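Per TrEMBL, domain 'CBS' is recorded for B:139-201. Per TrEMBL, the feature transmembrane segment maps to B:285-305, B:311-338, B:359-380, B:386-412, B:424-448.
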Protein chains: 2
Amino acid sequence: MADSQQLDIDEIVRDSFNLEDAIQLTDKLSQLEPEEVAIALEAMPLEQRVSAWLSLPPEEQIAALTYMRVDARANVFKQLTEQQLKTLVEEMDVDDLIELLDELPPAIYDYACSRLDVSQRRWLDTALTYDDEQCGRFADHNMLIINKNAKVRDALRLFRELAADTEYHEALFVVDRNGCYVGLVHATQLLGLTDFQAIENIIDQDAPWIEGEVALDQASDMVSRSGYNALAVVDENHKLLGRLSISRAFDIVRRNLENQFMLTAGLDEDEDLFSPVIASAKRRALWLGINLLTAFLAAWTIGLFEATLNQVVALAVLMPVVASMGGIAGSQTLTLIIRGLAMEQITPSTYMALLRKELGVGTLNGILWALVIAVVTYFWFGDWVIGGIIGLAIVINIIVAAISGVMIPIWLKKFNIDPALSGSVILTTVTDVIGFCTFLGLGTLFLLG
Amino acid sequence: MADSQQLDIDEIVRDSFNLEDAIQLTDKLSQLEPEEVAIALEAMPLEQRVSAWLSLPPEEQIAALTYMRVDARANVFKQLTEQQLKTLVEEMDVDDLIELLDELPPAIYDYACSRLDVSQRRWLDTALTYDDEQCGRFADHNMLIINKNAKVRDALRLFRELAADTEYHEALFVVDRNGCYVGLVHATQLLGLTDFQAIENIIDQDAPWIEGEVALDQASDMVSRSGYNALAVVDENHKLLGRLSISRAFDIVRRNLENQFMLTAGLDEDEDLFSPVIASAKRRALWLGINLLTAFLAAWTIGLFEATLNQVVALAVLMPVVASMGGIAGSQTLTLIIRGLAMEQITPSTYMALLRKELGVGTLNGILWALVIAVVTYFWFGDWVIGGIIGLAIVINIIVAAISGVMIPIWLKKFNIDPALSGSVILTTVTDVIGFCTFLGLGTLFLLG
């Protein structure tokens, strides 16, 4: 019995720097699942990644690529010669090709297509009628299909032929003579049946199926909640397109959640740890530019109160406190709402209840921290008026932040803008501008007057 | 054939507000998978949630609770009388109880324990020898176990008795006479075998297994990458404790990723959309307090330059631009590194390569945006010196941000502090303080002197 190992990426990455141990590295990689190979390759700088990947046999090279993030994989492709790419695509089946086609140079893609047989070519064409957010595009063709008029004997033969492949092949997909999906037959149902019993009598018709137009993330949720290993994906005429397996669904959900996290910094989940510097700088520059605009807006707001600042420099010193408290309070509400929207748990009938609750939380915390800040300010600057002004500004800004934290993501979602990406920029702009305006405005009113 | 439905939470939540449609709501909930019921219940305000939940039959009540987030579920428990809680726990099996025990009042928990039979009691005691981050605690006992000396006939009987339950029961877990785990037998392997063949000859010993001490998230990764529906969880003597199924692993990975996202705002994944206001305000207050300390630190830094600000008010106006650009650039690096650490893709042998890359990106973007900001500043204040000062401060701050973005999360991880929670507070403090110091320091040097 082989020892059960946990993945040690650290060790593998270290080996990749050691040119003398190339064979040992290949050995280690070959013992891993393809998903683990992909993770290890992504953890290596480009040079090491390419040479480690080149050392793998072709089928493992392809499997690793299909599991790698888009940028990490594109950075490998860029290092290959045309001949290497051609040799590579010759080994790909249609599912690999659908997954990788966006990163292949057009000439290589055409070459790969020209080598597909008629049925694979038809699958490819069907898949491409769906866009890359729809599950019809990525339905997996690696499945066992049986006609509903078949006998148990035929089902047994299908299972026997695939005995070696353990990846979620415990069910047959049953179709009628038009190729329309009818239901599932599970291996466990066949146990103890005789060869000539009819498949038709044991079909599981309770399993949900998925329309090809359904968004990939919704389809993945359906699979994960269904309790089945894989669900059928069908076209508008109910023809079987392929299946979506739980392991694929898992991957999709994981990437979506990762994406949400990365978006908060204006990145996406495909960002490669070791992207070339210039490519990476270019991609991040836009986000910095957008934020610069909002920073200048905040600066301009402050500029409106130059006369006040000139006379009461304490206000300039305390400005970041007002802006920061509003920003933090707002981002707590925003984050909660973004997660709720992602889970589709925020519905029009509960908008008001949510707003009331967040306003309550904002008011309580606003008053609490306003008092603390007012007292600290008094002891710092020895002036109750400045303390009172900053306290009032804090209460107002935290309440505005609570309202914005609820409303901004809901509005963005209505306009189909991803709130995980743009929510926090907009929110911070609101809390900065409102914070500076109330604080410096109150200062002008009570300290200059 | 039933129509394949997508979950419409919106409609269900709307129904929960309509007291006359109580029966219709219960009907709709009963058609959903337990995970979907949990999602719908979480989307309802507390009052609606409790009455919708109470309308379900006991077994569905329990299933929904086990899928709900901790806070959402605790908020339901708080509304129940002692008698309702007792009735509820009477229906729980040991797996439900292990999942829910932390939210049950101690008296109810003791009552529930007293009602378990001997073997369930033993499972509970074994589970509790592991802590709630280890997979031994949550190993699922709902599995088919067979002795390695058994015959195919016995295996068939086991499968037949469980025919109705489709949730990942396509394999038998094989143990020896001491209860030690030996391997798996898949339903597909049994097809076509005769009753008296020995199980021993067909055991799949390639399937990985998981030690009970392994962390829940690592165990989940192992299941997801293995290609199996469920893996055995064993104790230090290799005795079978239970299994970890792919659907459970899915749930754990999803919650971990959600948690990472929520932590960036000082929340956690258990945060209930409709927590009572006071409980919610209390929980968020701490995070605001920590951020207040850092904001006062930034304010104190500015305070060191009061004399300068008094003479050159333009510096006060432009301060937020310097701080904001550093913060954003830093959080891009930070987010990339946090994801890398979570995937265990960041290893000591690549620290320097990462630092070099991020320094390169920071230098490029620093110079680019410093030039833009210098020019804008010149046109705004008509002063090349201020333009030069802010440009230089921006370059320095973005480079410091890049270094901090790499180093802070790596250090935090070394001290076992979650970088998703504290990384951004520390980073922003660094970029604020360094930003204000360089900008106002350069201002003092070149504008007062």
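A Cβ is built for glycine as well, from the same backbone N, Cα and C atoms used for every other residue.
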> List, by number or range, the same-chain residues at least 6 past the transmembrane segment (B:311-338) whose CB is under 8 A from its CB atoms?
Replying inline: 260, 298, 302, 305, 346, 354, 358, 361-362, 365-366, 369, 373, 377, 381, 383, 386, 390, 393-394, 397-398, 400-402, 404-406, 408-410, 419-420, 423-424, 427-428, 430-432, 434-436, 438-440, 443, 447-448
>> Looking only at the domain 'CBS' (B:139-201), what is the model's average confidence as pLDDT?
In response: 88
> Within the domain 'CBS' (B:139-201), how many residues are helix, strand or coil going by DSSP?
Replying inline: 17 helix, 18 strand, 28 coil
> Sequence-remote contacts (6 or more beyond its ends) of the transmembrane segment (B:424-448), Cβ cut-off under 8 Å?
Replying inline: 264, 290-291, 294, 297-298, 301-302, 304-305, 307-309, 311-312, 315, 318-319, 322-323, 325-327, 330-331, 334, 385-386, 388-390, 392-393, 396-397, 400-401, 404-405, 408, 412
> In the same chain, which residue numbers or ranges, 6 or more beyond the ends of the transmembrane segment (B:359-380), come under 8 angstroms Cβ to Cβ?
Replying inline: 318, 321, 325, 329, 333, 386-388, 390-392, 394-399, 401-403
> Any residues 6+ beyond the ends of the transmembrane segment (B:285-305) with a Cβ under 8 Å from its own?
Replying inline: 265-267, 315, 319, 323, 425, 428-429, 432-433, 436-437, 440-441, 443-444
